[in-house]
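What TrEMBL annotates here:
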{"type": "COMPBIAS", "residues": "496-508", "note": "compositional bias 'Low complexity'"}
{"type": "COMPBIAS", "residues": "523-533", "note": "compositional bias 'Polar residues'"}
{"type": "COMPBIAS", "residues": "546-555", "note": "compositional bias 'Polar residues'"}
{"type": "DOMAIN", "residues": "26-444", "note": "domain 'Cation/H+ exchanger transmembrane'"}
{"type": "REGION", "residues": "486-577", "note": "region 'Disordered'"}
{"type": "TRANSMEM", "residues": "12-30", "note": "transmembrane segment"}
{"type": "TRANSMEM", "residues": "39-58", "note": "transmembrane segment"}
{"type": "TRANSMEM", "residues": "70-93", "note": "transmembrane segment"}
{"type": "TRANSMEM", "residues": "105-128", "note": "transmembrane segment"}
{"type": "TRANSMEM", "residues": "182-198", "note": "transmembrane segment"}
{"type": "TRANSMEM", "residues": "219-237", "note": "transmembrane segment"}
{"type": "TRANSMEM", "residues": "257-275", "note": "transmembrane segment"}
{"type": "TRANSMEM", "residues": "318-337", "note": "transmembrane segment"}
{"type": "TRANSMEM", "residues": "343-359", "note": "transmembrane segment"}
{"type": "TRANSMEM", "residues": "380-399", "note": "transmembrane segment"}
{"type": "TRANSMEM", "residues": "426-450", "note": "transmembrane segment"}
Amino acid sequence: MPTLAVTNFNIVVSFLGGFISIFGLVSYLLKENFYMSEALISLLAGVAFSPHAANLIRPVEYALGSEDNVNAITLAFSRLVLGVQLVLAGIQLPSRYLKKEWRSLSLLLGPVMTVMWLITSLLIWGFVPNLPFLHALAIGACVTPTDPVLSNVIVKGKFADSNVPKELQKIIIAESGANDGLGYPFLFFALYLIKYIGDGGQAESGGAGLAMGLWFGETWGYTIILSVIYGAVVGWLAKELLHYAESRKWVDRESFLVFAISLSLFIVGTCGMIGSDDVLACFIAGNSFTWDDWFRLETLDEVSRGDFASSLQPTIDMLLNVTIFLWYGAVCPWTIFAHNNVIPIYRLIPLGILILLLRRPPIILGTRKWIRQLQDFRESLFMGFFGPVGVSGIFYLYVTLDFLDTLKVGDEQRSDVANMGETVTVIVWFVAICSVVVHGLSIPLGKLGFYLPRTISRSLTLDNQQPDANPSFNFRGRASAFLPSFQSRSRGGTEPSSPSASRSASARPIHRIGGTVIKDNRQTGGDDTQTFVPASRFEVIGYGSTHENQPQSPGLPNRTIRFGDEGRTNSEAPSAS
(Lines of atoms letter the chains of each structure in order from A and count residues from 1; the text may use other names and numbers.)
(Lines give C-alpha, C1' and ligand atoms only; values in the text may rest on other atoms or scores of the structure.)
Protein backbone atom coordinates (compact mmCIF):
# COMPACT_ATOMS: atom_id res chain seq x y z
CA MET A 1 0.00 0.00 0.00
CA PRO A 2 1.62 3.34 -1.04
CA THR A 3 2.30 5.72 1.83
CA LEU A 4 3.23 9.38 1.89
CA ALA A 5 6.71 10.30 3.07
CA VAL A 6 6.34 13.96 4.05
CA THR A 7 9.73 14.11 5.72
CA ASN A 8 11.79 17.19 6.46
CA PHE A 9 14.30 16.27 3.78
CA ASN A 10 11.64 15.91 1.09
CA ILE A 11 9.99 19.17 2.10
CA VAL A 12 13.23 21.15 2.10
CA VAL A 13 14.46 19.74 -1.21
CA SER A 14 11.07 20.31 -2.85
CA PHE A 15 10.87 23.88 -1.63
CA LEU A 16 14.45 24.73 -2.54
CA GLY A 17 14.22 23.24 -6.02
CA GLY A 18 10.80 24.73 -6.67
CA PHE A 19 11.78 28.21 -5.57
CA ILE A 20 15.03 28.30 -7.53
CA SER A 21 13.24 26.98 -10.63
CA ILE A 22 10.42 29.53 -10.41
CA PHE A 23 12.85 32.33 -9.64
CA GLY A 24 14.96 31.25 -12.59
CA LEU A 25 12.03 31.67 -14.97
CA VAL A 26 11.88 35.40 -14.24
CA SER A 27 15.40 36.01 -12.92
CA TYR A 28 16.57 38.13 -15.85
CA LEU A 29 13.40 40.19 -15.74
CA LEU A 30 13.71 40.83 -12.01
CA LYS A 31 17.46 41.45 -11.83
CA GLU A 32 18.25 43.17 -15.14
CA ASN A 33 14.99 44.97 -15.94
CA PHE A 34 13.65 45.76 -12.46
CA TYR A 35 17.07 45.75 -10.72
CA MET A 36 15.73 43.60 -7.89
CA SER A 37 18.22 41.97 -5.55
CA GLU A 38 18.15 38.18 -5.42
CA ALA A 39 19.02 38.47 -1.72
CA LEU A 40 15.82 40.41 -1.00
CA ILE A 41 13.64 38.03 -3.03
CA SER A 42 15.17 34.99 -1.31
CA LEU A 43 14.80 36.56 2.12
CA LEU A 44 11.09 37.21 1.54
CA ALA A 45 10.60 33.65 0.31
CA GLY A 46 12.35 32.31 3.40
CA VAL A 47 10.05 34.37 5.63
CA ALA A 48 6.96 33.18 3.77
CA PHE A 49 7.79 29.51 4.38
CA SER A 50 9.33 29.91 7.84
CA PRO A 51 7.72 28.87 11.15
CA HIS A 52 6.38 32.43 11.38
CA ALA A 53 4.21 31.92 8.27
CA ALA A 54 3.58 28.72 6.27
CA ASN A 55 5.75 26.60 8.62
CA LEU A 56 7.14 24.48 5.80
CA ILE A 57 10.76 25.21 6.76
CA ARG A 58 11.44 24.38 10.42
CA PRO A 59 15.10 25.09 11.26
CA VAL A 60 14.85 24.21 14.97
CA GLU A 61 13.38 20.83 14.11
CA TYR A 62 16.22 20.13 11.67
CA ALA A 63 18.69 21.04 14.44
CA LEU A 64 17.21 18.43 16.82
CA GLY A 65 15.27 21.04 18.77
CA SER A 66 18.33 23.01 19.88
CA GLU A 67 18.75 26.75 19.29
CA ASP A 68 22.48 26.33 19.83
CA ASN A 69 22.59 23.88 16.93
CA VAL A 70 20.71 26.37 14.74
CA ASN A 71 23.26 29.03 15.64
CA ALA A 72 26.14 26.66 14.82
CA ILE A 73 24.59 25.79 11.45
CA THR A 74 24.04 29.47 10.62
CA LEU A 75 27.63 30.35 11.54
CA ALA A 76 29.08 27.50 9.46
CA PHE A 77 26.83 28.30 6.49
CA SER A 78 27.82 31.98 6.64
CA ARG A 79 31.52 31.04 6.73
CA LEU A 80 31.07 28.84 3.68
CA VAL A 81 29.29 31.51 1.62
CA LEU A 82 31.76 34.22 2.63
CA GLY A 83 34.71 31.98 1.79
CA VAL A 84 33.50 31.22 -1.72
CA GLN A 85 32.42 34.81 -2.34
CA LEU A 86 35.72 36.30 -1.23
CA VAL A 87 37.90 33.97 -3.29
CA LEU A 88 35.82 34.88 -6.34
CA ALA A 89 36.00 38.57 -5.38
CA GLY A 90 39.78 38.38 -5.19
CA ILE A 91 39.93 36.69 -8.59
CA GLN A 92 37.80 39.43 -10.18
CA LEU A 93 40.40 42.09 -9.40
CA PRO A 94 43.15 42.85 -11.93
CA SER A 95 46.76 41.82 -11.53
CA ARG A 96 48.50 43.14 -8.38
CA TYR A 97 45.48 45.28 -7.55
CA LEU A 98 46.09 45.35 -3.80
CA LYS A 99 49.65 46.53 -4.38
CA LYS A 100 48.71 49.19 -6.93
CA GLU A 101 45.81 50.62 -4.92
CA TRP A 102 47.30 50.32 -1.45
CA ARG A 103 46.81 54.03 -0.69
CA SER A 104 43.06 54.04 -1.28
CA LEU A 105 42.60 50.68 0.43
CA SER A 106 44.69 51.73 3.43
CA LEU A 107 42.45 54.74 3.92
CA LEU A 108 39.26 52.70 3.54
CA LEU A 109 40.41 49.87 5.80
CA GLY A 110 42.03 52.10 8.41
CA PRO A 111 40.55 55.52 9.24
CA VAL A 112 37.28 55.01 7.34
CA MET A 113 36.52 51.64 8.93
CA THR A 114 37.46 52.93 12.39
CA VAL A 115 35.13 55.92 12.08
CA MET A 116 32.34 53.64 10.83
CA TRP A 117 32.83 51.47 13.92
CA LEU A 118 32.80 54.42 16.33
CA ILE A 119 29.76 56.13 14.75
CA THR A 120 27.77 52.89 14.81
CA SER A 121 28.78 52.18 18.41
CA LEU A 122 27.81 55.69 19.54
CA LEU A 123 24.39 55.37 17.89
CA ILE A 124 23.79 52.00 19.56
CA TRP A 125 24.97 53.32 22.92
CA GLY A 126 22.66 56.32 22.62
CA PHE A 127 19.53 54.41 21.61
CA VAL A 128 19.73 51.30 23.79
CA PRO A 129 18.87 52.09 27.42
CA ASN A 130 21.40 51.15 30.12
CA LEU A 131 23.89 49.68 27.67
CA PRO A 132 27.59 49.76 28.69
CA PHE A 133 29.80 51.43 26.12
CA LEU A 134 32.02 48.34 25.76
CA HIS A 135 28.95 46.34 24.78
CA ALA A 136 28.07 49.00 22.21
CA LEU A 137 31.60 48.76 20.77
CA ALA A 138 31.23 44.99 20.34
CA ILE A 139 27.82 45.29 18.69
CA GLY A 140 29.02 48.11 16.44
CA ALA A 141 31.95 45.97 15.29
CA CYS A 142 29.54 43.30 14.01
CA VAL A 143 27.91 45.67 11.51
CA THR A 144 31.03 47.64 10.54
CA PRO A 145 32.24 45.49 7.59
CA THR A 146 30.50 45.94 4.26
CA ASP A 147 29.01 42.81 2.76
CA PRO A 148 30.41 41.38 -0.50
CA VAL A 149 27.23 39.40 -1.22
CA LEU A 150 24.90 42.41 -1.16
CA SER A 151 27.51 44.57 -2.88
CA ASN A 152 27.12 42.42 -6.00
CA VAL A 153 23.97 44.31 -6.94
CA ILE A 154 26.08 47.41 -7.74
CA VAL A 155 29.20 45.74 -9.17
CA LYS A 156 27.56 43.14 -11.42
CA GLY A 157 24.84 43.22 -14.02
CA LYS A 158 23.34 45.78 -16.37
CA PHE A 159 23.00 48.54 -13.81
CA ALA A 160 26.67 48.35 -12.85
CA ASP A 161 27.83 48.25 -16.47
CA SER A 162 25.74 51.30 -17.36
CA ASN A 163 26.07 53.46 -14.25
CA VAL A 164 29.09 52.50 -12.14
CA PRO A 165 32.60 53.28 -13.44
CA LYS A 166 34.89 50.28 -13.65
CA GLU A 167 37.43 51.78 -11.25
CA LEU A 168 34.69 52.38 -8.69
CA GLN A 169 33.43 48.81 -9.09
CA LYS A 170 36.92 47.45 -8.42
CA ILE A 171 37.53 49.50 -5.28
CA ILE A 172 34.11 48.49 -3.89
CA ILE A 173 34.93 44.81 -4.50
CA ALA A 174 38.36 45.16 -2.90
CA GLU A 175 37.08 47.05 0.14
CA SER A 176 34.14 44.74 0.82
CA GLY A 177 36.41 41.71 0.48
CA ALA A 178 39.18 42.95 2.75
CA ASN A 179 37.12 44.57 5.50
CA ASP A 180 35.09 41.41 6.09
CA GLY A 181 38.14 39.72 7.52
CA LEU A 182 39.33 42.87 9.28
CA GLY A 183 36.26 42.98 11.50
CA TYR A 184 38.04 40.74 14.01
CA PRO A 185 40.30 43.44 15.54
CA PHE A 186 37.37 45.78 16.18
CA LEU A 187 35.22 43.01 17.64
CA PHE A 188 37.82 41.42 19.89
CA PHE A 189 39.13 44.75 21.15
CA ALA A 190 35.76 45.13 22.87
CA LEU A 191 35.26 41.45 23.74
CA TYR A 192 38.63 41.07 25.49
CA LEU A 193 38.00 44.21 27.52
CA ILE A 194 34.53 42.93 28.46
CA LYS A 195 36.05 39.64 29.55
CA TYR A 196 38.78 41.10 31.77
CA ILE A 197 37.35 44.38 33.06
CA GLY A 198 33.63 44.16 32.29
CA ASP A 199 32.73 42.93 35.78
CA GLY A 200 35.46 44.87 37.53
CA GLY A 201 37.95 42.03 37.19
CA GLN A 202 36.09 39.74 39.62
CA ALA A 203 35.79 36.71 37.32
CA GLU A 204 39.03 37.11 35.34
CA SER A 205 42.38 38.40 36.54
CA GLY A 206 44.86 40.33 34.41
CA GLY A 207 42.88 43.48 33.71
CA ALA A 208 43.23 45.72 30.68
CA GLY A 209 46.92 44.86 30.22
CA LEU A 210 46.21 41.20 29.60
CA ALA A 211 43.28 42.11 27.36
CA MET A 212 45.48 44.30 25.16
CA GLY A 213 48.20 41.66 25.12
CA LEU A 214 45.73 39.09 23.82
CA TRP A 215 44.39 41.60 21.33
CA PHE A 216 47.81 42.28 19.83
CA GLY A 217 49.09 38.71 20.10
CA GLU A 218 46.11 36.51 19.28
CA THR A 219 43.92 38.82 17.22
CA TRP A 220 46.53 40.70 15.19
CA GLY A 221 49.33 38.16 15.22
CA TYR A 222 47.64 34.78 15.03
CA THR A 223 44.27 35.67 13.49
CA ILE A 224 45.07 38.48 11.04
CA ILE A 225 48.75 38.26 10.08
CA LEU A 226 48.82 34.46 9.98
CA SER A 227 45.71 34.37 7.79
CA VAL A 228 47.25 36.87 5.36
CA ILE A 229 50.44 34.81 5.07
CA TYR A 230 48.54 31.55 4.83
CA GLY A 231 46.15 32.86 2.16
CA ALA A 232 48.97 34.34 0.08
CA VAL A 233 51.05 31.16 0.20
CA VAL A 234 48.17 28.79 -0.54
CA GLY A 235 46.87 31.01 -3.36
CA TRP A 236 50.32 31.26 -4.97
CA LEU A 237 50.98 27.51 -4.68
CA ALA A 238 47.54 26.75 -6.13
CA LYS A 239 48.25 29.06 -9.08
CA GLU A 240 51.61 27.47 -9.79
CA LEU A 241 50.24 23.93 -9.56
CA LEU A 242 47.31 24.74 -11.82
CA HIS A 243 49.59 26.50 -14.30
CA TYR A 244 51.94 23.52 -14.36
CA ALA A 245 49.11 21.00 -14.83
CA GLU A 246 47.37 23.08 -17.49
CA SER A 247 50.56 23.61 -19.49
CA ARG A 248 50.95 19.82 -19.72
CA LYS A 249 47.27 19.28 -20.56
CA TRP A 250 46.59 17.29 -17.39
CA VAL A 251 43.48 19.23 -16.35
CA ASP A 252 40.16 19.34 -18.18
CA ARG A 253 38.13 22.51 -18.62
CA GLU A 254 35.52 21.69 -15.97
CA SER A 255 38.15 21.08 -13.29
CA PHE A 256 39.98 24.22 -14.36
CA LEU A 257 36.90 26.37 -13.84
CA VAL A 258 35.90 24.80 -10.52
CA PHE A 259 39.41 25.11 -9.11
CA ALA A 260 38.80 28.49 -7.46
CA ILE A 261 35.71 27.21 -5.63
CA SER A 262 37.48 24.10 -4.39
CA LEU A 263 40.35 26.33 -3.23
CA SER A 264 37.92 28.39 -1.15
CA LEU A 265 36.53 25.28 0.52
CA PHE A 266 40.04 24.09 1.34
CA ILE A 267 40.99 27.41 2.93
CA VAL A 268 37.78 27.67 4.95
CA GLY A 269 38.35 24.19 6.36
CA THR A 270 42.06 24.45 7.10
CA CYS A 271 41.90 27.96 8.54
CA GLY A 272 38.97 26.87 10.66
CA MET A 273 40.97 23.98 12.05
CA ILE A 274 43.90 26.18 13.11
CA GLY A 275 41.58 28.89 14.45
CA SER A 276 42.71 31.69 12.15
CA ASP A 277 40.71 34.17 10.05
CA ASP A 278 39.41 32.05 7.19
CA VAL A 279 37.41 34.94 5.72
CA LEU A 280 40.44 37.19 5.22
CA ALA A 281 42.58 34.25 4.09
CA CYS A 282 40.10 33.48 1.30
CA PHE A 283 40.23 37.02 -0.05
CA ILE A 284 44.02 37.15 0.06
CA ALA A 285 44.22 33.73 -1.59
CA GLY A 286 41.97 34.92 -4.42
CA ASN A 287 44.26 37.89 -5.04
CA SER A 288 47.39 35.76 -4.86
CA PHE A 289 45.84 33.15 -7.13
CA THR A 290 45.34 35.70 -9.91
CA TRP A 291 48.39 37.87 -9.12
CA ASP A 292 49.68 37.49 -12.69
CA ASP A 293 46.15 37.81 -14.18
CA TRP A 294 46.50 34.45 -15.91
CA PHE A 295 43.48 32.69 -14.41
CA ARG A 296 41.25 35.78 -14.61
CA LEU A 297 42.03 36.38 -18.27
CA GLU A 298 41.58 32.69 -19.09
CA THR A 299 38.10 32.68 -17.60
CA LEU A 300 37.24 36.07 -19.14
CA ASP A 301 38.21 34.68 -22.54
CA GLU A 302 35.83 31.77 -22.03
CA VAL A 303 33.02 34.12 -21.07
CA SER A 304 33.59 36.29 -24.14
CA ARG A 305 33.43 33.19 -26.36
CA GLY A 306 30.18 32.12 -24.74
CA ASP A 307 31.52 28.84 -23.37
CA PHE A 308 28.77 27.10 -21.42
CA ALA A 309 31.20 25.70 -18.86
CA SER A 310 32.33 29.21 -17.94
CA SER A 311 28.96 29.78 -16.25
CA LEU A 312 29.90 27.34 -13.47
CA GLN A 313 31.38 29.92 -11.08
CA PRO A 314 28.54 32.48 -11.24
CA THR A 315 26.01 29.64 -11.08
CA ILE A 316 27.43 28.25 -7.83
CA ASP A 317 27.74 31.81 -6.56
CA MET A 318 24.05 32.42 -7.26
CA LEU A 319 22.96 29.13 -5.67
CA LEU A 320 24.85 29.92 -2.47
CA ASN A 321 23.45 33.46 -2.29
CA VAL A 322 19.86 32.35 -2.80
CA THR A 323 20.17 29.51 -0.31
CA ILE A 324 21.81 31.55 2.46
CA PHE A 325 19.13 34.24 2.35
CA LEU A 326 16.37 31.64 2.27
CA TRP A 327 17.93 30.25 5.44
CA TYR A 328 18.23 33.72 6.99
CA GLY A 329 14.56 34.40 6.28
CA ALA A 330 13.64 31.17 8.06
CA VAL A 331 15.93 31.51 11.12
CA CYS A 332 15.63 35.26 11.71
CA PRO A 333 14.00 35.90 15.13
CA TRP A 334 11.30 38.19 13.76
CA THR A 335 9.20 38.37 16.91
CA ILE A 336 12.13 39.50 19.05
CA PHE A 337 12.19 42.88 17.30
CA ALA A 338 8.92 43.89 18.94
CA HIS A 339 9.14 41.77 22.11
CA ASN A 340 12.49 41.97 23.88
CA ASN A 341 13.95 43.24 27.12
CA VAL A 342 16.62 45.56 25.70
CA ILE A 343 15.18 48.10 23.25
CA PRO A 344 11.58 49.06 22.33
CA ILE A 345 10.51 48.98 18.71
CA TYR A 346 10.06 52.76 18.53
CA ARG A 347 13.78 53.11 19.28
CA LEU A 348 14.89 50.15 17.17
CA ILE A 349 13.45 51.44 13.90
CA PRO A 350 15.14 54.88 13.97
CA LEU A 351 18.35 53.20 15.15
CA GLY A 352 18.42 50.98 12.08
CA ILE A 353 17.70 53.91 9.76
CA LEU A 354 20.33 56.16 11.32
CA ILE A 355 22.98 53.45 11.19
CA LEU A 356 22.46 53.08 7.44
CA LEU A 357 22.51 56.85 6.93
CA LEU A 358 25.34 57.90 9.25
CA ARG A 359 27.59 54.86 9.57
CA ARG A 360 29.34 55.31 6.22
CA PRO A 361 28.32 58.25 3.96
CA PRO A 362 29.78 61.10 6.09
CA ILE A 363 33.27 59.62 6.36
CA ILE A 364 33.37 58.64 2.66
CA LEU A 365 32.37 62.17 1.68
CA GLY A 366 34.97 63.59 4.04
CA THR A 367 37.84 61.52 2.63
CA ARG A 368 36.91 61.43 -1.06
CA LYS A 369 39.76 63.78 -2.02
CA TRP A 370 42.26 61.08 -1.05
CA ILE A 371 40.45 58.20 -2.79
CA ARG A 372 41.36 58.54 -6.46
CA GLN A 373 38.50 56.35 -7.69
CA LEU A 374 35.96 58.92 -6.45
CA GLN A 375 35.82 61.60 -9.14
CA ASP A 376 32.96 63.73 -7.86
CA PHE A 377 30.40 64.20 -5.11
CA ARG A 378 27.83 61.86 -6.67
CA GLU A 379 30.24 58.94 -6.85
CA SER A 380 31.27 59.56 -3.25
CA LEU A 381 27.66 59.62 -2.09
CA PHE A 382 26.95 56.46 -4.08
CA MET A 383 29.87 54.57 -2.56
CA GLY A 384 29.02 55.87 0.90
CA PHE A 385 25.43 54.73 0.70
CA PHE A 386 26.16 51.28 -0.71
CA GLY A 387 27.96 49.79 2.25
CA PRO A 388 25.46 47.03 3.05
CA VAL A 389 25.28 44.81 6.13
CA GLY A 390 24.46 41.19 5.40
CA VAL A 391 26.21 37.84 5.61
CA SER A 392 29.30 39.29 7.28
CA GLY A 393 27.18 40.94 9.99
CA ILE A 394 25.39 37.67 10.79
CA PHE A 395 28.75 35.89 10.80
CA TYR A 396 30.19 38.24 13.43
CA LEU A 397 26.97 38.05 15.42
CA TYR A 398 27.42 34.31 15.98
CA VAL A 399 31.15 34.73 16.61
CA THR A 400 30.15 37.11 19.41
CA LEU A 401 27.57 34.70 20.81
CA ASP A 402 30.16 31.91 20.85
CA PHE A 403 32.56 34.12 22.81
CA LEU A 404 29.85 35.13 25.30
CA ASP A 405 29.15 31.47 26.03
CA THR A 406 32.65 31.25 27.52
CA LEU A 407 32.02 34.06 30.03
CA LYS A 408 30.56 32.02 32.87
CA VAL A 409 30.89 31.70 36.60
CA GLY A 410 30.36 28.02 37.23
CA ASP A 411 27.46 26.98 35.03
CA GLU A 412 25.83 30.41 35.00
CA GLN A 413 26.60 33.26 32.63
CA ARG A 414 28.20 36.29 34.19
CA SER A 415 25.72 38.91 35.35
CA ASP A 416 27.37 41.77 33.42
CA VAL A 417 26.78 40.01 30.08
CA ALA A 418 23.46 38.35 30.92
CA ASN A 419 21.53 40.57 28.47
CA MET A 420 24.29 41.18 25.95
CA GLY A 421 23.44 38.11 23.86
CA GLU A 422 19.87 39.29 23.41
CA THR A 423 21.00 42.84 22.68
CA VAL A 424 23.48 41.90 19.97
CA THR A 425 20.99 39.47 18.42
CA VAL A 426 18.20 42.05 18.19
CA ILE A 427 20.32 44.89 16.83
CA VAL A 428 22.49 42.98 14.34
CA TRP A 429 19.59 41.01 12.88
CA PHE A 430 17.46 44.16 12.57
CA VAL A 431 20.22 46.21 10.91
CA ALA A 432 20.96 43.34 8.50
CA ILE A 433 17.29 43.03 7.53
CA CYS A 434 17.03 46.81 7.08
CA SER A 435 20.11 46.76 4.86
CA VAL A 436 18.82 43.91 2.69
CA VAL A 437 15.50 45.72 2.17
CA VAL A 438 16.88 49.25 1.72
CA HIS A 439 19.80 48.35 -0.53
CA GLY A 440 17.71 45.79 -2.40
CA LEU A 441 15.01 48.35 -3.25
CA SER A 442 17.11 51.49 -3.59
CA ILE A 443 18.04 51.01 -7.24
CA PRO A 444 14.54 50.11 -8.55
CA LEU A 445 12.92 52.85 -6.47
CA GLY A 446 15.59 55.30 -7.56
CA LYS A 447 14.96 54.44 -11.20
CA LEU A 448 11.22 54.80 -10.70
CA GLY A 449 11.60 58.12 -8.93
CA PHE A 450 13.85 59.42 -11.70
CA TYR A 451 11.78 58.42 -14.71
CA LEU A 452 8.19 58.61 -13.47
CA PRO A 453 8.01 62.40 -12.82
CA ARG A 454 9.76 63.12 -16.13
CA THR A 455 7.41 60.84 -18.04
CA ILE A 456 4.30 62.35 -16.45
CA SER A 457 5.58 65.90 -16.96
CA ARG A 458 6.42 65.28 -20.60
CA SER A 459 3.03 63.72 -21.26
CA LEU A 460 1.15 66.58 -19.60
CA THR A 461 3.22 69.19 -21.42
CA LEU A 462 2.57 67.66 -24.81
CA ASP A 463 -1.13 67.27 -24.11
CA ASN A 464 -1.40 70.93 -23.10
CA GLN A 465 0.45 72.11 -26.19
CA GLN A 466 -1.66 70.10 -28.67
CA PRO A 467 -4.82 69.05 -26.86
CA ASP A 468 -6.78 68.16 -30.00
CA ALA A 469 -4.04 67.22 -32.43
CA ASN A 470 -4.52 63.46 -32.11
CA PRO A 471 -6.86 61.11 -30.27
CA SER A 472 -5.66 59.60 -27.01
CA PHE A 473 -4.87 56.31 -28.71
CA ASN A 474 -3.25 56.61 -32.09
CA PHE A 475 -4.55 54.20 -34.74
CA ARG A 476 -1.81 53.55 -37.22
CA GLY A 477 -0.52 51.09 -39.77
CA ARG A 478 -3.07 48.82 -41.45
CA ALA A 479 -5.89 50.14 -39.31
CA SER A 480 -5.57 53.56 -40.97
CA ALA A 481 -6.51 52.02 -44.32
CA PHE A 482 -9.78 50.79 -42.83
CA LEU A 483 -10.59 54.13 -41.16
CA PRO A 484 -9.96 56.87 -43.78
CA SER A 485 -12.95 59.01 -42.82
CA PHE A 486 -11.97 59.07 -39.12
CA GLN A 487 -8.44 60.18 -39.99
CA SER A 488 -9.70 62.82 -42.39
CA ARG A 489 -11.98 64.31 -39.73
CA SER A 490 -9.27 64.23 -37.07
CA ARG A 491 -6.94 66.19 -39.39
CA GLY A 492 -9.58 68.60 -40.57
CA GLY A 493 -9.76 67.01 -44.01
CA THR A 494 -6.72 68.83 -45.33
CA GLU A 495 -4.19 66.01 -45.38
CA PRO A 496 -4.00 62.80 -47.35
CA SER A 497 -5.22 59.72 -45.59
CA SER A 498 -2.62 57.25 -46.81
CA PRO A 499 -0.66 55.21 -44.31
CA SER A 500 2.54 57.00 -45.28
CA ALA A 501 1.00 60.39 -44.72
CA SER A 502 -0.43 59.39 -41.38
CA ARG A 503 3.00 58.31 -40.23
CA SER A 504 4.43 61.78 -40.83
CA ALA A 505 1.37 63.75 -39.71
CA SER A 506 2.55 64.37 -36.18
CA ALA A 507 5.72 64.17 -34.14
CA ARG A 508 3.86 63.58 -30.90
CA PRO A 509 4.59 60.47 -28.86
CA ILE A 510 2.08 57.67 -29.08
CA HIS A 511 0.10 57.12 -25.89
CA ARG A 512 -0.69 53.47 -25.97
CA ILE A 513 -1.53 50.64 -23.58
CA GLY A 514 0.49 47.43 -23.66
CA GLY A 515 3.58 48.45 -25.59
CA THR A 516 6.68 50.56 -25.38
CA VAL A 517 7.40 53.50 -27.64
CA ILE A 518 10.48 53.47 -29.82
CA LYS A 519 11.83 56.54 -31.50
CA ASP A 520 12.27 56.14 -35.26
CA ASN A 521 15.09 58.34 -36.53
CA ARG A 522 14.59 57.53 -40.19
CA GLN A 523 13.54 60.31 -42.59
CA THR A 524 10.74 59.65 -45.02
CA GLY A 525 10.09 61.44 -48.27
CA GLY A 526 12.41 64.30 -47.47
CA ASP A 527 10.52 65.17 -44.28
CA ASP A 528 12.93 65.63 -41.37
CA THR A 529 10.22 65.30 -38.72
CA GLN A 530 11.10 62.53 -36.29
CA THR A 531 8.25 60.07 -35.96
CA PHE A 532 7.48 57.40 -33.43
CA VAL A 533 6.30 53.87 -34.03
CA PRO A 534 5.05 51.43 -31.43
CA ALA A 535 7.22 48.45 -30.56
CA SER A 536 4.31 46.04 -30.57
CA ARG A 537 3.41 44.13 -33.74
CA PHE A 538 -0.34 44.67 -33.42
CA GLU A 539 -1.29 48.32 -33.76
CA VAL A 540 -4.99 48.00 -32.94
CA ILE A 541 -6.67 45.25 -30.99
CA GLY A 542 -8.80 43.24 -33.39
CA TYR A 543 -6.96 44.15 -36.60
CA GLY A 544 -4.17 41.62 -36.42
CA SER A 545 -3.50 39.70 -39.61
CA THR A 546 -0.71 37.90 -41.34
CA HIS A 547 0.34 41.15 -43.02
CA GLU A 548 1.71 43.25 -40.19
CA ASN A 549 3.26 46.67 -40.37
CA GLN A 550 6.55 46.44 -42.16
CA PRO A 551 9.29 49.08 -42.03
CA GLN A 552 8.75 51.64 -44.75
CA SER A 553 11.52 51.93 -47.30
CA PRO A 554 12.72 55.39 -48.33
CA GLY A 555 10.81 56.93 -51.20
CA LEU A 556 12.22 56.51 -54.71
CA PRO A 557 12.38 59.58 -56.99
CA ASN A 558 9.71 60.16 -59.67
CA ARG A 559 7.44 57.42 -58.34
CA THR A 560 4.16 58.27 -56.64
CA ILE A 561 1.50 55.81 -55.58
CA ARG A 562 -2.01 57.11 -54.89
CA PHE A 563 -4.62 55.10 -53.08
CA GLY A 564 -8.15 54.97 -54.37
CA ASP A 565 -9.69 56.83 -51.44
CA GLU A 566 -7.39 59.85 -51.71
CA GLY A 567 -8.97 61.71 -54.56
CA ARG A 568 -7.31 64.91 -55.61
CA THR A 569 -5.14 66.65 -52.97
CA ASN A 570 -2.88 69.63 -53.01
CA SER A 571 0.05 67.55 -51.83
CA GLU A 572 1.02 64.07 -52.70
CA ALA A 573 1.72 61.36 -50.21
CA PRO A 574 5.34 60.38 -49.71
CA SER A 575 6.41 57.91 -52.29
CA ALA A 576 6.75 54.24 -51.42
CA SER A 577 8.30 51.36 -53.21
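Using the three backbone atoms N, Cα and C, a Cβ is placed for every residue, glycine included.
TrEMBL: automatically predicted annotations, no manual curation.
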Self-check item: Same-chain residues at least 6 beyond the ends of the transmembrane segment (39-58) whose Cβ lies under 8 Å from its Cβ atoms
Solution: 8, 11-12, 15, 19, 23, 30, 149-150, 153, 321-332, 334-335, 390, 433, 436-437, 440-441
Quiz item: If you count Cβ pairs under 8 Å, which stretch among 70-93, 219-237, 343-359, 380-399 touches the transmembrane segment (318-337) the most?
Solution: 70-93
Practice problem: Sort out the residues at least 6 away from either end of the transmembrane segment (380-399), same chain, that have Cβ-Cβ distances under 8 Å to it, and list them. | Solution: 39, 71-72, 74-75, 78-79, 81-82, 85, 116, 141-143, 145-151, 154, 164, 168, 171-172, 180, 183, 187, 279, 324, 328, 359-365, 368, 371, 374, 424-425, 428-429, 431-432, 434-436, 439, 442
Exercise. With Cβ distances under 8 Å as the criterion, find the stretch in 12-30, 105-128, 182-198, 219-237, 257-275 that has the most pairs with the transmembrane segment (70-93).
Key: 257-275
Self-check item: CB contact flag for the transmembrane segment (343-359) and the transmembrane segment (12-30), at least three pairs under 8 A
Solution: no
Quiz item: Would you call the transmembrane segment (105-128) and the transmembrane segment (12-30) in contact, using three or more Cβ pairs under 8 Å, pairs 6 or more apart in sequence?
Solution: no
